[in-house]
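Enquirer: Sharing a structure with you now.
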Amino acid sequence: MPFSTPQLPIVVIISYHLHYKIFCFRAVNQLNGIDVEGKSLKVELAVEKRGRKGPRGPGAPFGGIPGQSRQTDFPLRILVQSDMVGAIIGRQGSTIRQITQQTRARVDVHRKDNVGSLEKAITIYGNPENCTNACKRILEVMQQEANNTNKGEISLKILAHNNLIGRIIGKGGNTIKRIMQETETKITVSSINDINSFNLERIITVKGTIDNMSRAEAQISSKLRQSYENDLQAMAPQTMMFPGLHPMAMMATAVLSDKEFFKGIGYGSRGLYTGQAPYPGMYPAGSSQAGGDTQETTYLYIPNNAVGAIIGTKGSHIRNIIRFSGASVKIAPIDETKPQETQNERRVTIVGSPEAQWKAQYLIFEKMREEGFVAGSDDVRLTVEIMVPSSQVGRIIGKGGQNVRELQRVTGSVIKLPEQGASPQEDETTVHIIGPFFSVQSAQRRIRAMVLQSVVPPQGRPRQPRPQKDPSQSEATSTEQQQ
C-alpha cells in the first residue's frame, strides 16, 4: 500500500509469492517514476523480515548492515585491491556502515575469499540507483586512500559473466564504444583466456574521473541487468522439468553443459551465465541461494578409481566444488570391515539447497566426463540416492506403478523403490535413481516436489504453528547459511 508525506515521493512496497518474482520485477519497472497526484512514484522490493539470521561462518562476507537480508535481484560486483579493503570497511566497520546508510544499498566485502590474492570482490545489492551511489562512494574512499599512499589514479573493475560480455561489447564494439564516448572514459575487457570452469567472470575495467566512471558503471550495469532479466525469463518456462529449482541454478552450469540438452528444452546455452564463481556470484559464499534455506541430503556413488580425480591434488578440486556450489561434499572412506575387492564404489554425501545440489552434482558428473570415465560421447551415468518418508512411497509408485513409470519416461532415468505393499522397516525409504546428470536431476526434483505437496495445503501455503501469519507472501531476500 502506498504511503507518502508532503516532502517525500509516494513509496510503494511490493510483496509477492516467490513463483511470481519475474512479474514483480516487471511491475517495479513499469510503476517506478510515474506521476501520481503530482508526485513521483517510487517502487522498491521490500526486504524480508523473517527474524532469522543464519550463522556467520569464517568465509562469510563482511556486511554493512548486520542481519539485513539480501535482495535476490541482479547485484553490482566489483574488484578492488586487497590493500584497499581496510579503508573501505573502516575502523570497526564505520565506513561501510556509513555507505550503506547513505545509499540504502547492501555492501558485502568478501575479505576472506581468495586468501592471499591481490584483489577482493565486493558485491552491492539494491536498486540500480542505490548500487551506483554505493559504488561511487567506494571509488571516493579508494581515491582518498590512493592519495594518502601516493598510488595515483584508481580504476573501476566490474565483474560480469563471460556470456554477458558480448552484449556489453556489442556488434563490432558499438555498445562499448558508445558508452566510452558518452561517459568520456576508457573501457577494456579482460581476455576470454582468463576464465575456467570455476571462474566464468570477466573483468570490465573503466578508467576516468570518478564522476565519469560512475556514469559508465550505471550504463554497463543497466545493460548487464537487462540481459540477466531476459535470460531469466527465457529460462523460467523450462523449470517445469526441475520443480523447486531456481532458473539461476541451471544458468550457473549451462555454459559448461551439454548444449544439445538445452536445445532440446527450447533454449540454447548462449546467453546463460553462472550464479557463483570463485569470486562469489549472484549469492555470496555461504548464503542460502535464491532465498530458500531448505537443506537437502543426497548420496551420489562414484567408482573407486574416480575418487582421486574428484578430490584433486591436495584436495584442490573438491574444495572448488564446495566453494562454487555452496554445498557440503564429503566422500566416505573405504569400509575397513569389508574386503576392498568387493567395494567398487564410494558414497559422496552432498548437503545443501536445491541450487547447491544442482551445482555440486553437476561438477562431479562433469569431472567424471573430463577424466574419461565414459567412452566417446556417451553420458556419464551414476547412481543417486535420496530419502523420502516411507508413508509417501505408495504415492511415488502410484496405482500399479503408474507414477514411477511416468517419472522414468519423462526424466529418462531408472528409478528403483521397494515393491509396493512391502511394509517399511524405517520412517524413511531410499529411492535409487540411475542415469545421466539431467535425468537424475529432473527425477530428484520431481520426487521431492511430490513429497512436498503432501505437506503443503493446495493453496501452496506451508503449514505453520502460528496461523495468523501468512508465509505465502515472501519478500525478496536471501538468508545467510554457514558454508
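Note: Cβ is positioned from N, Cα and C throughout, glycine not excepted.
Predicted automatically and left uncurated, TrEMBL annotations should be read as such.
So TrEMBL lists these for the protein:
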type	residues	note
COMPBIAS	56-66	compositional bias 'Gly residues'
COMPBIAS	473-483	compositional bias 'Low complexity'
DOMAIN	72-143	domain 'K Homology'
DOMAIN	152-225	domain 'K Homology'
DOMAIN	294-369	domain 'K Homology'
DOMAIN	380-452	domain 'K Homology'
REGION	49-68	region 'Disordered'
REGION	454-483	region 'Disordered'
Enquirer: With DSSP helix as H/G/I and strand as E/B, how many residues of the domain 'K Homology' (380-452) fall in helix, strand and coil?
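Expert: Split by secondary structure, the domain 'K Homology' (380-452) comes out as 37 helix, 19 strand, 17 coil.
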Enquirer: Could you tell me how many residues in the domain 'K Homology' (72-143) are helical, how many are strand and how many are coil under DSSP?
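Expert: So the counts come to 37 helix, 17 strand, 18 coil.
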Enquirer: Roughly where does the domain 'K Homology' (152-225) sit in mean pLDDT, to the nearest integer?
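Expert: Residues in the domain 'K Homology' (152-225) carry a mean pLDDT of 89 in this prediction.
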